[in-house]
């Protein structure tokens, strides 16, 4: 019996898959097709496969995964098909990959639809609970048929017609994480005028747009021009979103665009966040209005304990005529984050 031929690019993939073979040989190979592959294949690939996720190995095992090696093990593991997290943005990821709205399949993670899906109203106005195999938060889609960041959509027939809901992923939105964490009231409801500081690519802004509805308005402020481009794309399809690409430290630069608002939501992750919120409140927030502030402890003081940082920020808000109402941490969705709700210049005798 002769030695097997080491084919560098042939039809069958050679001894271990060849370098660019058609099928990738017996278990995947370096660049082959069938099951592993560095950039090819059907199941394992680093960047190209159908099932394997981000870490499918360099030609890994039968199912992809971190331990597949160059022509290696049988099933792999870390980012493979059966992984509880599905790789970085893989098939079953509850996080759906973080970051940009161009997340491809990643954002589809989070909820398994099932045949029977029931939608019930949440105690907070404009927010809903989708009950299937798993429960999830959702908002009524203002732009039917459109996903913003790859999130799942659920259509329910209510007799008069079909209503579409967008699943709200708490791993991608700090506001959703705070609701899941038990926040009593976000004060964002249908008809609310909202000033959103730190809008990023418009992920949470799009859900706020759904919540406030056509009677409300969302002024979305983002300093980064790159994120601002994505935000503009969201605003083009949503008439109640006003995109503002400007520094939230200088509210006078956009004072001609923003009217008086009921709520300020802040997610700017800056050391002087309390001051930024106070400046915007002085310009735009009505007396008795509310601020909902997402605090990232590491951005304010990376050496102190998170609880001490949160307490320090609350004290700064008190100095700026805010009265804190409630505070929740965002575990397990975000580490060392808290959301604080405060009322601005509370009106005597009026419920806050």
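Cβ coordinates come from backbone N, Cα and C, glycine included.
Taken straight from Swiss-Prot:
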REGION    1-115  region 'Disordered'
COMPBIAS  8-18  compositional bias 'Gly residues'
MOD_RES   19  asymmetric dimethylarginine
COMPBIAS  26-59  compositional bias 'Gly residues'
MOD_RES   51  asymmetric dimethylarginine
MOD_RES   55  asymmetric dimethylarginine
MOD_RES   58  asymmetric dimethylarginine
MOD_RES   63  asymmetric dimethylarginine
COMPBIAS  66-113  compositional bias 'Gly residues'
MOD_RES   67  asymmetric dimethylarginine
MOD_RES   81  asymmetric dimethylarginine
MOD_RES   85  asymmetric dimethylarginine
MOD_RES   91  asymmetric dimethylarginine
MOD_RES   98  asymmetric dimethylarginine
MOD_RES   102  asymmetric dimethylarginine
MOD_RES   112  asymmetric dimethylarginine
BINDING   203, 204, 222, 223, 247, 248, 267, 268, 269, 270  S-adenosyl-L-methionine binding site
Where residue 203 (S-adenosyl-L-methionine binding site) falls in three-state DSSP terms: helix
Of 203, 247 (the binding-site residues), the residue whose Cβ has the fewest other Cβ atoms within 10 Å: 247
Listed in sequence order, residues with CB under 8 A of residue 269 (S-adenosyl-L-methionine binding site) and six or more positions away: 198, 294, 296, 299
Which listed residue (222, 267) has most other Cβ within 10 Å, given these are binding-site residues: 222
DSSP three-state assignment for residue 269 (S-adenosyl-L-methionine binding site): coil
For S-adenosyl-L-methionine: widest Cα to Cα gap among 203, 204, 222, 223, 247, 248, 267, 268, 269, 270 in Å: 20
